[in-house]
Amino acid sequence: MPEALLDDISHRRYNPLRGSWVLVSPHRTKRPWQGQQEASNRIELPSHDPSCYLCPGNKRAQGDVNPDYESTFVFVNDYAAVREQQAEYEPPAQDGSLATRLLKAESTTGKCYVITFSPEHNVTLADMPASTIVPVINKWTSIYTSHLDPHSPLAEAARPTTMPPSGITNGSLNSQPKQQYRYMQIFENKGQAMGCSNPHPHGQIWTTTSLPEEPESELHHLKQYRREQGGSHLLKDYAKLESEKGERTVFENSSFWAGCPWWGTWPFEIMVVAKEHKRALVDLDERNKEDLAEVIAEITKRYDNLFETSFPYSMGIHQAPLSGTAEEIDASHFHMHFYPPLLRSATVRKFLVGYEMMAEPQRDITPEQAAKRLRDCGGGLYRRKL
């Protein structure tokens with residue numbers, strides 16, 4: 001088959017979700033490595049750390065005290081990247097000058113949250129059974145719902161499928177946001193290699209009045225594909241294709257496909273894609289949420305098993321904007337990205353430098369090779385056998 005040849009030659013792969021290309025160089029996996037190595041993470045942590053600002057009952061940086069929570073806990077970020085209120089900025093009038101043409105800025109406001117996944121300080125999503133990840137998904141859904149534009153087509157779907165927001169402190173979600181936000185980015189940075197400053201299992205949620213570049217680019221290509229393909233959805237078609245081919249599949253169930261995408265940049269990058277057209281969290285029924293929790297548990301467990309380390313990554317959800325046109329909402333398709341930096345072992349990571357910064361992304365190990373290695377890492381979590 002022609003695709004088999006790609007295991008041995010340098011080639012480029014197209015990403016229809018972003019309209020971009022990635023250079024694949026499978027022959028480079030044999031080159032020796034004498035560069036930087038990350039420290040292997042085998043640190044034993046307590047189940048409760050009195051100095052951790054995320055553990056139950058502890059005081060945070062601004063003086064607020066966490067409740068003795070038993071599942072998830074959400075609070076407004078004490079050091080938010082965007083603020084709800086700030087000085088008004090009016091861009092200068094367009095007078096045709098070079099400055100107004102080239103030096104553009106716009107004000108962006110929003111609200112940022114921190115969500116803990118568990119009261120236990122010494123666990124990660126890989127340690128958590130799928131049943132304990134479902135409450136995390138429910139909380140994501142609750143917060144997303146509370147910020148939805150009431151005029152969005154999603155507002156109708158949200159009512160029967162989500163719970164009202166609750167358990168939010170330091171700027172309660174029970175009060176309506178001061179303005180309608182355009183987008184909500186839910187994400188997790190796991191591990192020091194990804195800049196995570198606290199090992200307690202947690203993620204973040206940023207809402208902004210602007211539509212960030214990554215989801216904006218994806219949304220553009222999702223809309224374009226739907227217009228050109230007679231109403232078909234790009235990611236629904238892609239999940240169907242990958243499920244049938246199987247070579248890039250890591251794990252799947254009745255609701256979601258998870259695998260190393262054809263166009264992935266990071267060595268063990270994974271996408272999770274809803275098999276049916278689901279626009280956002282509010283479209284997921286209880287079975288879908290259970291299946292999503294299973295997929296998250298499987299992916300994170302296989303990551304840890306791969307190099308027998310607490311595997312670092314950045315993970316994020318892409319879904320419909322909080323506020324948008326009917327075309328934007330209907331073209332959106334719920335999916336998740338997992339971007340892990342490790343390349344050859346627990347201590348050797350991938351760097352995006354040089355050619356990747358100046359020209360285009362490049363990878364060595366192919367997505368097919370990566371998927372096979374991750375498929376072979378199923379079963380129990382390695383550290384439970386130690």
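Quick reminder: no glycine exception, Cβ is built from N, Cα and C everywhere.
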Region 'Disordered' range according to TrEMBL, out of 22-43, 88-109, 154-175: 154-175
Euclidean distance between Cα atoms of K350 (UDP-alpha-D-glucose binding site) and H318 (Fe cation binding site), Å: 24
Near-site residues: Fe cation, ref E218, H318, H335, H337, CB cutoff 8 A to centroid: L17, E214, P215, M271, G316, I317, Q319, M336
Proximal but sequence-remote residues of the same chain as H200 (Zn(2+) binding site) (Cβ under 8 Å, at least 6 apart): D49, C52, L54, C55, T116, H121
Other C-beta atoms that fall within 10 angstroms of the C-beta of H202 (active site, tele-UMP-histidine intermediate): 19
C-alpha spacing of D78 (UDP-alpha-D-glucose binding site) relative to E218 (Fe cation binding site), in angstrom: 30
Rounded to the nearest Å - Cα separation of K350 (UDP-alpha-D-glucose binding site) and H337 (Fe cation binding site): 17
